[in-house]
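Listed in TrEMBL:
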- H443: active site, proton acceptor (ACT_SITE)
- K49, G113, T142, G143, S144, D311, M317, L318, A319, H320: FAD binding site (BINDING)
- G179, G180, G181, V182, I183, G184, L185, E186, E202, G270: NAD(+) binding site (BINDING)
- C40-C45: disulfide bond (DISULFID)
- 2-326: domain 'FAD/NAD(P)-binding' (DOMAIN)
- 345-453: domain 'Pyridine nucleotide-disulphide oxidoreductase dimerisation' (DOMAIN)
Amino acid sequence: MYDVIVIGSGPGGYVAAIRCAQLGMKTALIEKYPTLGGTCLNVGCIPSKALLDSSEHYHNAAHTFETHGIGLSNLKVNLKQMITRKNDVVKQNTDGIQYLMKKNKIDVHQGLGSFVDKNTVKVTKDDGSSSDIQGKNIIIATGSKPSSLPFIKLDKDRVITSTEALNLKEIPKHLVVIGGGVIGLELGSVYARLGAKVSVIEFMDSLIPTMDRTMGKELQKSLKKIGFEFFLKHKVTSVESKGKEVTVKAETPKGETVEVKGDYVLVSIGRRPYTDGLNAEAAGVKLTDRGQIEVNDHLQTNVPNIYAIGDVVKGAMLAHKAEEEGVFVAETLVGQKPHINYNLIPGVVYTWPEVAAVGYTEEQLKEKGIKYKTGKFPFMASGRARASMDTDGLVKVLADAETDEILGVHMIGPRTADMIAEAVVAMEYRASAEDISRMSHAHPTYTEAFKEACLAATDNRALHV
Ligand SMILES: Cc1cc2nc3c(=O)[nH]c(=O)nc-3n(C[C@H](O)[C@H](O)[C@H](O)COP(=O)(O)OP(=O)(O)OC[C@H]3O[C@@H](n4cnc5c(N)ncnc54)[C@H](O)[C@@H]3O)c2cc1C
């Protein structure tokens, strides 16, 4: 009898398992794939960032080195090597999780986990053999899978999801991306930087529509410069693949049909919670209408000894959100009183410029009727950004009109994925814009842009613009 069985080894599951073991619980982890780490390490965060980094090097070599005074001839892309390096990075990370399981004395059971009852999980290996394991508590961390539209046939050859886009054998000539969200824009960026034409078809009127509207507008301008074209407010109605050609038809807001032809189409319209084969009903666990595992504020299902975390439950589908939830449940199980501030989970888009945000968007503040003031600072005015030739973008700070408390920070620019951490710390400690304005920021750094935006929000007193 284990104290805890965790089903799924993504960032939610493996982190939950480690924290449970640290707290002295006898822990088992079940994973159906041969490698640990889930979507994030195998076909998500890590491989996409590896390809984004490689393609960015190429793009800079092709487009900015000359201005820096570096001449190159015979510049070529070796896509096969790029993918091999990406696979090596993935392996280092997934092997690392295996090591962490051993170090923390967590039993790893490889196979599909399915409930027999509320304390028993059957583990079925690929060869069909199975065994039952028992646990006092069970944490479901089975993650998510790419979703599609009912009329799209994903052949995984020309009509692909993010998983196949991470393993292409050639650079598309023209990649059509359905969906202007994070994953589509990140993977579109990889191939645009390597020379592909990229057309994005998005149903909403803005890219990355859940983020502050300014971010989508700025990002659209930057991505156009590297060969993206955009069809916003277009509803995809059909996708056909014939030989090496794919044709996507979409309806314009006026009801006309446009046709976009390419050689690959990436369907990136979101992800769905994954519970296939879990047999949750055998334990009596309820699902929501959207197929998520239903949980309360303690991430507990309707069956008291069963919890669920990460992409398979409500909330942002992000690795660090899943990790926080893994720690939360482990600590809850030993009687601690952990807390997650969901409003302060940052969101990042690893395009170039990067987009990063935390807290409320301007649209949300308006909707809630909260009075706010805005401070902005463009990277064009940053000495550090001029030095690295990364002047696209800005930092936007939203602060309470009366108290000056920072309510939201939205950044688009160089290395904002790392910069956003300062805003998270500030907001966790309920800093005012003036607090940040009075703190020394090393010069020259991109982080000065955050301080300047806070100065702008405090009293419209940015120094360098
Ligand atoms: C291309 C791409 C890029 C991304 N980039 C980022 C990023 O930069 N930052 C970020 O925060 N997020 C990113 N994400 C999202 C991130 O990957 C997910 O939010 C995260 O992996 C969710 O973690 P999880 O533990 O809930 O589930 P998952 O990582 O999906 O892991 C679930 C695991 O459970 C296993 N499993 C499922 N059912 C069973 C079963 N019945 N028995 C045994 N095992 C089972 C699965 O095989 C899988 O390994 C990206 C996603 C994609 C697709």
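Any Cβ shown, glycine's included, is placed from N, Cα and C.
Here the features listed in TrEMBL are painted onto the structure.
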{"residue": "C40", "record": "disulfide bond", "CB count, 10 Å": "24"}
{"residue": "C45", "record": "disulfide bond", "CB count, 10 Å": "21"}
{"residue": "T142", "record": "FAD binding site", "CB count, 10 Å": "29"}
{"residue": "S144", "record": "FAD binding site", "CB count, 10 Å": "22"}
{"residue": "G181", "record": "NAD(+) binding site", "CB count, 10 Å": "21"}
{"residue": "I183", "record": "NAD(+) binding site", "CB count, 10 Å": "22"}
{"residue": "L185", "record": "NAD(+) binding site", "CB count, 10 Å": "27"}
{"residue": "E202", "record": "NAD(+) binding site", "CB count, 10 Å": "27"}
{"residue": "M317", "record": "FAD binding site", "CB count, 10 Å": "20"}
{"residue": "A319", "record": "FAD binding site", "CB count, 10 Å": "21"}
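Residues from the recorded positions list (C45, G179, I183, E202, M317, A319) with a C-beta closer than 6 Å to any atom of ligand 1: C45, I183, M317, A319. For the recorded site, S144 (FAD binding site), the DSSP three-state label reads strand.
Here the CA atom of K49 (FAD binding site) lies 11 Å from the CA atom of C40 (disulfide bond).
Distance noted between the C-alpha atoms of E202 (NAD(+) binding site) and S144 (FAD binding site) is 22 Å. Its Cβ placed at the centre, the residue listed as 'active site, proton acceptor' has 9 other Cβ atoms within 10 Å. Counting other Cβ atoms within 10 Å of each Cβ, the binding-site residues K49, G179 show the lowest value at K49.
The Cα atom of C45 (disulfide bond) lies nearest to that of I183, taking the binding-site residues T142, I183, L185 as the candidates. Of all the recorded positions in the list G179, G181, I183, L185, H443, the shortest Cα-Cα distance to A319 (FAD binding site) is found for I183. Within 10 Å of T142 (FAD binding site), counting CA to CA, the recorded positions G181, I183, L185, H443 contribute nothing.
Among the binding-site residues listed here, namely K49, S144, M317, K49 has its C-alpha nearest to that of L185 (NAD(+) binding site).
The domain 'Pyridine nucleotide-disulphide oxidoreductase dimerisation' (345-453): residue composition by secondary structure is 40 helix, 33 strand, 36 coil, according to DSSP. Taking the centroid of the Cβ atoms of G179, G180, G181, V182, I183, G184, L185, E186, E202, G270 as the NAD(+) site, the other same-chain residues with Cβ within 8 Å of it are V177, G188, V200, L207, I208, S268, I269. Using CA atoms as reference points, the recorded positions G179, G181, I183, H443 were checked against K49 (FAD binding site), and the closest is I183. M317 (FAD binding site) and I183 (NAD(+) binding site) are 11 Å apart (CA-CA, integer value). Looking only at Cα atoms, M317 (FAD binding site) sits nearest to G181 among the recorded positions G179, G181, H443.
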